[in-house]
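If you look up TrEMBL, you'll see 519-754 marked as domain 'Alanine racemase N-terminal'. Positions annotated as N6-(pyridoxal phosphate)lysine by TrEMBL: K544. If you look up TrEMBL, you'll see 746-770 marked as region 'Disordered'. What TrEMBL lists as compositional bias 'Basic and acidic residues' is 753-770.
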Amino acid sequence: MGVIEFLCDSRFHRTFVLPPNPNNDRLKSYRTSYADFGDVESNAVILFCGALMGTRFCYSPLDQLAKAYNVRILHPDRPGIGEMVPQLLKHLKVSHVSLASHSGGDIYLINTVLTYPNLLHPINPYLCFFAPWVHPAHSKLTHLRATELLPAPMIGKFASVARFISENVVPLVGTGEGFLHNVKDTLRRSSHTPAPVPLAAMTTRTRTPSRSSQRPSLNLNDPHVVDELRRQITSFVFAESSEGISADARLFMKKPRSVAWCSPSLLWDDIDYAVLLLSKIISEDDRLIGSSRVCMIDTFHAQEDSMVGEKGKQWFDACWAATPGDRNTARIPVPVTITQGASAISSKSYTYRSMTVPGTEHNLLMDPSFGASELWLQRVREAFPILTNVDAGEDATSISATGSEGEDKRRRFRFFIGRLAHVTRGVTAQGPPLPRSGLSQSSLLYVSYEGLCLGLPEICQEYLGNNVRVNRLEAETPTDVFHDLPHATGSTGTTQSQASNMADEMQISPQRAKQLAENIAGISSRIDAVSKGGKQVRLIAVSKLKPANDILALHQPPNPIQTHFGENYVQELLEKAKLLPRSIQWHMIGGLQSNKCKALAEQIPNLWCVSSVDTEKKANELEKGRKALLDHDPSAPKLRIKIQVNTSGEASKSGVEPAHTLALCTHVLEHCPHLQLSGLMTIGAIARSKATTPETENEDFVALRETRNRVAEALGWEQDRLELSMGMSADFEGAIRHGSDEVRVGSQIFGERPPKKDAVVQEQGGGEKS
């Protein structure tokens, strides 16, 4: 087989057409090109994201190696993360894939896995990065930083300017010097409208792996064949449209600065923040129920990388460090011959392996002769168990089924509700709580235009049938949506005008979101460091007097970084609960007034716990409120409560005396059937808190633990059945050493709080001292 014949093979010229979708603002068909090579009948499928100008032709030399390992490679020219990815895989009847990228393709890989984590193999999820691109701000490479200073329009025109390609931007691409020479020659010969390469007719004929491997192929051991293949790949690349390359260049360089690497649905501004999101998604995303919660991630670095540099490689590896901020990961040898040095990092949600391939540079790292691609394909093959034919009767279910059709619809509907809450910035129609099982016959669900673009109403309609009507709102701005939403009623209700104002203020700054996520990760790391025996300690992010968009930055359905939030003031909690997604689990941790207890328990179905109950009267009022909610919505949970104990004996502190704690616990158990006694809470003396370290004793913590032990013994309970809630920003590590099951941290996450009179729920400023 000759080089031209090889590149003209229909496997490298597949096309896929998305039909028009008016609901998604796609009024015309959308055509995309992709390559489908290797063993096309294999169940081990890779969705590959190439480098800048790394089109589907550039990785064609992997064809023979992929056949040898019975692996199928799908390589769209640029996969994107929208409707095209799942539609293409559905068209090809591919249920699960492994994701891989080269150079700047890592941006597309990360967005794809964050958006569609369920596309990874449910048993052995596997990702692979080759020479991953990092922004020059981290690599510190002077020639790339000079390129970064160029204006965006100049970078945007580089695809048609040979001099600029060779001297300024192609170093960003990740293509070798020989490729540059061919690029310049090709551009000199090409006209403004180059003639397309004739494509062979697409074939629908299927091939078995054995027949596929017997096809005539190129002799890649012949250097003359390799040189010719590289020259012809260059010609093929520039014979097709290259308009998108300019946009890619601006994306990689973030030019202008408003160009974001993230998709609109999940905010992240750099790889280190995306890693935190991915870890959270793997651990908690409902779409991964029944799937492995540990992803295997490999990175192959080039020995000499002029695009990323040593600092860039080190920064990328450090992003995956199990402990945030740790830049000195242990060097753990991996038994593969291609690695000079390798490191492995494990976390609860992924295992990360990094290795350097001797004798390689950024552009040719994936050349089969260097061994990295072979090891990668071998690991992909191992991640996908080979399926065997099974004779099944008529009643047998599909081997790929993950649940009944009804369960799938319910899962998709839960996802829809979460996205709807985010799309409408958390403001939903108030009134009777939404039953978990669905909506009432008379429900009318309004969905914003953005929600329609996400294709979500069809999911809602499919699940609820005729019980719900979906109205398309021609909304020019987010506030237009709120004009059609019923406003809240009651003394604590939010007016329609207020809801509109809140919507305008609920903008999330990516920089603020990144900082908050890093703060959460740092606190979580410190918690894990002092927890005994891997004990899970609940972190409550105390958001009192903090704006709602700070909370939303940490809790964006369907993959929130933080779920448990604590508030000190009933009125503020009522307002935020109406504004923010229902998936938040609220904690009332401040002092209570009896006359507000009933509204608190009745109006916030997702109130997870009230931690400051210190009298029978307050318990009785909470009981009335939760009973009223359960009478209306039997699917709502009982309300957890904790008894606040005054362990310091200070008159200024709320809480029941330790000696009277058993009596109050007994009252709750005997007279409050809609409440669930879950533990004891204390706020100790300030001086003791400031003096507390992980190694020192705290009299208040000791007193609460001893009180818990006495109460549990008197009730005939195991001690662990009654949780201990103690520890705040200044002393939470010492509290964990004393056995605390949850800690309340505010200022170390959100910053210092303002005076209460200056705090506004929907503004961006504010702080907390807890």
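Using the three backbone atoms N, Cα and C, a Cβ is placed for every residue, glycine included.
With a 10 A radius on its CB, the residue listed as 'N6-(pyridoxal phosphate)lysine' counts 24 other CB atoms from all the protein chains. The average pLDDT computed for the domain 'Alanine racemase N-terminal' (519-754) is 91.
For the recorded site, K544 (N6-(pyridoxal phosphate)lysine), the DSSP three-state label reads coil.
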